[in-house]
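Per Swiss-Prot, N-linked glycosylation site is recorded for Asn12, Asn149, Asn342, and the stated evidence type is sequence analysis. Taken from Swiss-Prot, the feature transmembrane segment covers 181-203. Annotated heme binding site per Swiss-Prot: Cys352, in sequence order.
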Amino acid sequence: MFFRYTVTLVANETDHHATVVQALLRRHIGDITPGTTQEIENALETVCGQSKEWSSTSLAAIIIAVVARSTSRLLVGPSLCRNNDYINLCIEYATEMESSAAKIRALVPFLRPLIAPYYCRRLAELRKLAHAHIAPLLAGPDSAPKEKNASSQYTAVQWLAQKLRGVPEETEERQVARIMFLNVISIFTVMMASLNVLYDILARPDVKRALLEEIAEVSGGKGDLGLGDVEFERLRRLDSCIRESQRLNPTNWIILEGQAQKDLTFSTGLCVEKGSYLSICGGAILKSNGPPLSTSSNPPPIDEFHAFRYVTPDSGISTDVSTANGNSNANSNLATAISPTNLTFGYGRMSCPGRYFAVHSIKAIVVGLLLRYDVEFEKKDGEERGRPRNVQAGNVIIPDPSVMVRVRARG
């Protein structure tokens, strides 16, 4: 997204925001997810309403509104995550950044430093508006965590203020820019994955029925009200569906981009000069390295969507959700797993520290939407439509945001 232009240089100079989120999610993910789930449930009710009459809307509009609130719960806490002005600002900032990046991408490289500031004027204005909301949280007396069970304790803004207290160059403006940067990354990560998996589910009624059966079994018939962290972990069919959707719908073809800091010579004799850029074609790897279904006489083709590809004895996850947690090999098949053949969330030290939070949020969104609402694609030219095609712009691949659905509350 050309962060050096769209977020100012704070995203490139230091990674304080990344280390704060990594520490927060590593130590307190179990304290954070209940509040996130609650926020998603409340946001769905607010955005979708309770009418039992069909209404037409963009599924992308629903998801981005819900994700903006759940992300804000983590970043700035309950005091701001239900503030409509702040949430609308976050959504506009995310969409404006994507739009600005697309314009900058179209420029020849030598023109970017000259013209990019013109394209990013609105982003600077939005950061100033965000400062009015976030600055009191950075400067307040409760910047550091105090009460162990306070839901507002586990927010990125408070941890960031604590980490950067006394660092002269870290002004409030820079810290606000970091929070807004995290906001954009979180919104797009969860939104794109949620849209993709929902498109895959809505296009396959049999998959939807199987997921609803699993939710009923795991929750004991209590629906999403009976789901805590442990129950969400036991939704192995849904987890498999998410991983399969991400496998076939990567957000970028090229990943793990880096620049050689010195001359490199590989064991094959290949030489890479200092300053050269290196990257991996992650999309091709994901689409060519599904799990081997060795004991199946007729394994599903690797280039086709198979929702429960990872819910088989061969993959190490029991098809019996009541015993799946006892399988020691299960983790390698989870949506959060990282490996040389599953690069959705990066790999090694470049792996995404927020992947557990992201997958939990995706599950909560899917469960809440499927249980509480009837959702179906609008017919296209009077005919039922299948899975919407993705939209590709250069290296970026996104689910079609223009797809319309019909929604009504379940009675």
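Using N, Cα and C of the backbone, Cβ positions are placed for all residues, glycine too.
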Cα separation, Cys352 (heme binding site) to Asn342 (N-linked glycosylation site) (Å, whole number):
13
Do any residues, 6 or more residues outside the transmembrane segment (181-203), come within under 8 Å Cβ-to-Cβ of it, and if so which ones?
1, 3, 7, 10-11, 17, 21, 59-60, 63-64, 67-68, 70-72, 74-75, 90-91, 93-94, 97-98, 156, 211, 241-242, 244-246, 249, 251, 305, 307, 352, 354, 358, 361-362, 365-366, 369-370, 375-377, 385-388, 398-399, 401, 403, 405
By the count of other Cβ atoms within 10 Å, pick out the sparsest of the recorded positions Asn342, Cys352.
Cys352
